[in-house]
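Feature list (source: Swiss-Prot):
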| type | residues | note |
| --- | --- | --- |
| ACT_SITE | Ser126 | active site, schiff-base intermediate with substrate |
| ACT_SITE | His131 | active site, proton acceptor |
| ACT_SITE | Cys154 | active site, proton donor |
| MOD_RES | Ser126 | pyruvic acid (Ser) |
| REGION | 96-115 | region 'Disordered' |
Amino acid sequence: MDIKSFEKIQLYGFNNLTKTLSFNIYDICYAKAPEQSKAYIAYIDEQYNAERLTKILSNVADITGANILSISKQDYDPQGASVTMLVAEEMTVPTLTPESLTGESPGPLPGNKPSPGSIVTHLDKSHVTVHTYPETHPLDGISTFRADIDVSTCGHISPIKALNYLIHSFESDIVTIDYRVRGFTRDINGQKYFIDHDINSIQNYIAKDILNLYHAIDVNVYQENIFHTKMTLKDFKLNNYLFGVSEEELSDHESASIKDQLRDEMQEIFYGRNVTKV
């Protein structure tokens with residue numbers, strides 16, 4: 001479905017649209033022994049601690065042209081971390097969102113921040129949050145790490161331009177992405193706009209070199225301004241999923257069994273349902 005292109009239209013008051021990006025990544029691992037599972041959880045917990053997550057979210061704010069107002073961060077015991085940022089937009093004249101902030105193309109990596117004008121308003125409904133969830137299966141050696149990132153903005157800022165950077169920031173076997181636009185804004189003649197930028201697919205905001213690594217499917221509800229994409233890695237190399245052991249140290253039977261376990265785990269996560277064992 002093609003959505004009409006938006007010309008720059010002068011708005012009445014501020015842009016009141018709320019745009020929300022939900023980004024969920026999964027890293028899957030197999031550890032042969034319980035102590036190796038514990039070591040993986042400790043490793044991944046340290047890799048994505050609150051300090052590093054704060055840097056990632058700061059770059060998200062930078063890419064979207066937002067101004068950070070406050071930061072709250074916390075590491076949890078025994079594992080996990082969370083960071084919440086309150087951000088404000090940096091724009092001058094209230095118009096429909098500039099192409100550079102929402103154009104249907106991959107967003108920049110850190111260092112290419114859109115040029116802001118003077119700050120005219122603090123929008124307290126704009127925020128960025130991340131939570132991490134390391135966990136391990138009690139019996140079969142499978143461990144997973146999940147990170148949930150939510151970027152909700154009110155005004156010109158669109159979080160979708162940060163998507164390309166977020167995918168680069170995490171080692172992701174599976175990625176689930178949701179984007180939605182809510183509310184409406186008016187032009188100076190009183191006409192409502194329920195979305196202020198072109199979008200046909202979330203995939204158009206992801207660089208081709210990244211997309212080529214994944215199988216990706218879309219489920220979009222255009223009339224409701226709801227867009228959904230999920231991706232799973234194409235290339236399966238067992239050594240990339242082993243922690244504390246290499247494939248060369250395993251018997252052929254062990255390798256085959258672990259591959260089956262990992263593929264089942266990834267399939268269940270990707271489709272969001274348990275696989276029936278035959």
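Each Cβ is built from the backbone N, Cα and C atoms, and glycine gets one as well.
The two recorded residues, the residue listed as 'active site, proton donor' and the residue listed as 'active site, proton acceptor', have Cα atoms 21 Å apart.
Mapped onto three states, the DSSP output places the residue listed as 'active site, proton donor' in strand. The Cβ of His131 (active site, proton acceptor) has Gly80, Ala81, Ser82, Ala147, Asp148 as same-chain neighbours under 8 Å, each 6 or more residues away in sequence.
Among the active-site residues Ser126, Cys154, the residue whose Cβ has the fewest other Cβ atoms within 10 Å is Cys154.
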